[in-house]
Amino acid sequence: MAPADLPSPAPTSPFSLPVIRSSCILICSLVESYDLLLGRLDSLLPNRWQEVYGQLPRPTGSVDQLVAHFASRLDLTELDLVALSGAHTIGKAQCSAFSDRFGPREDGEFVQRLAANCSSDGERLQDLDIETPRAFDNAYYRNLVAGKGVLNSDKTLMNDPRTKELVEGFAADQWWWFFNQFGTSMKKVPLMYQAVPGRFGEIRRFGCFRRNSAPNQA
């Protein structure tokens with residue numbers, strides 16, 4: 001049975017599904033479960049891709065830019081930034097997202113390894129966690145400590161005292177610090193950009209891709 005089909009004490013909107021899925025991933029990865037806030041309203045109108053892209057942190061962002069970006073969303077802190085970045089322990093990025101690292105000044109063994117995988121093809125995919133890409137663990141942070149962050153926005157976390165100590169802490173303590181803090185920070189995600197019921201959003205009753213006012217519309 002899919003998460004959307006499970007009975008829930010709170011209304012479950014399509015927007016809530018990514019949060020539910022992330023929780024399922026953590027539970028399947030032997031991570032302790034955490035409470036989920038369901039009922040997030042779905043938009044009445046689709047966002048243009050430019051608007052969505054503008055709300056995402058840049059893979060080339062500096063720590064200052066990342067901290068400012070997270071702080072503008074429900075006052076997310078440096079701790080939330082570093083904890084949520086740990087989601088990169090699972091996932092891939094297109095080579096074009098970090099192709100600027102392949103210049104003459106970046107000739108280390110790790111960068112050469114990335115360049116060999118990308119082979120001048122910006123659409124090729126690279127694991128963000130080079131050690132255990134299919135396991136939700138703290139290897140992402142251990143990689144950063146070892147100088148093996150794939151994205152600039154990842155490796156820069158070790159270059160700023162505000163985030164460096166947090167990276168080292170998560171790298172040293174997977175169960176009691178990283179897993180617990182990741183759950184705490186993830187609970188804040190559904191609270192971003194709350195809509196006003198009846199004006200800017202709704203909980204869709206007829207499927208993820210149909211508004212309630214047009215249930216028969218494909």
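Cβ atoms here come from the backbone N, Cα and C positions, even for glycine.
According to TrEMBL, the features are:
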type	residues	note
BINDING	P57	substrate binding site
BINDING	H88	heme b binding site
BINDING	T89, D129, T132, D137	Ca(2+) binding site
DISULFID	C95-C118	disulfide bond
DOMAIN	1-205	domain 'Plant heme peroxidase family profile'
> What number of additional C-beta atoms lies within 10 angstroms of the C-beta atom of C95 (disulfide bond)?
Replying inline: 22
> What is the nearest of the binding-site residues P57, H88, T89, D129, D137 to C118 (disulfide bond), using the Cα of each?
Replying inline: D129
> CA-CA, which of the recorded positions P57, H88, C95 lies nearest T132 (Ca(2+) binding site)?
Replying inline: H88
> Which residues, in sequence order, are found in the same chain with Cβ within 8 Å of the centroid defined by the Cβ atoms of T89, D129, T132, D137 at the Ca(2+) site, excluding those residues themselves?
Replying inline: I90, E131, P133, R134, A135, F136, N138, A139, Y140
> Out of D129, D137, which of the binding-site residues has the smallest number of neighbouring Cβ atoms within 10 Å?
Replying inline: D137
>> Excluding near sequence neighbours, so keeping only residues 6 or more apart in the same chain, what lies with its CB under 8 A of H88 (heme b binding site)?
In response: L128, D129, Y140, V150, L151, D154
> Could you tell me the C-alpha distance between P57 (substrate binding site) and C95 (disulfide bond) in angstrom, no decimals?
Replying inline: 17
> Fewest other CB within 10 angstroms, which one of the binding-site residues T89, T132?
Replying inline: T132
> Hey, what's the Cβ neighbour count for C118 (disulfide bond) at 10 Å?
Replying inline: 20
>> According to DSSP, collapsed to three classes, what secondary structure does C118 (disulfide bond) have?
In response: helix
> When DSSP states are folded down to helix, strand and coil, where does D129 (Ca(2+) binding site) land?
Replying inline: coil
> Between C95 (disulfide bond) and T89 (Ca(2+) binding site), how far is it from one CA atom to the other, in Å?
Replying inline: 17
> What three-state class does DSSP give T89 (Ca(2+) binding site)?
Replying inline: helix
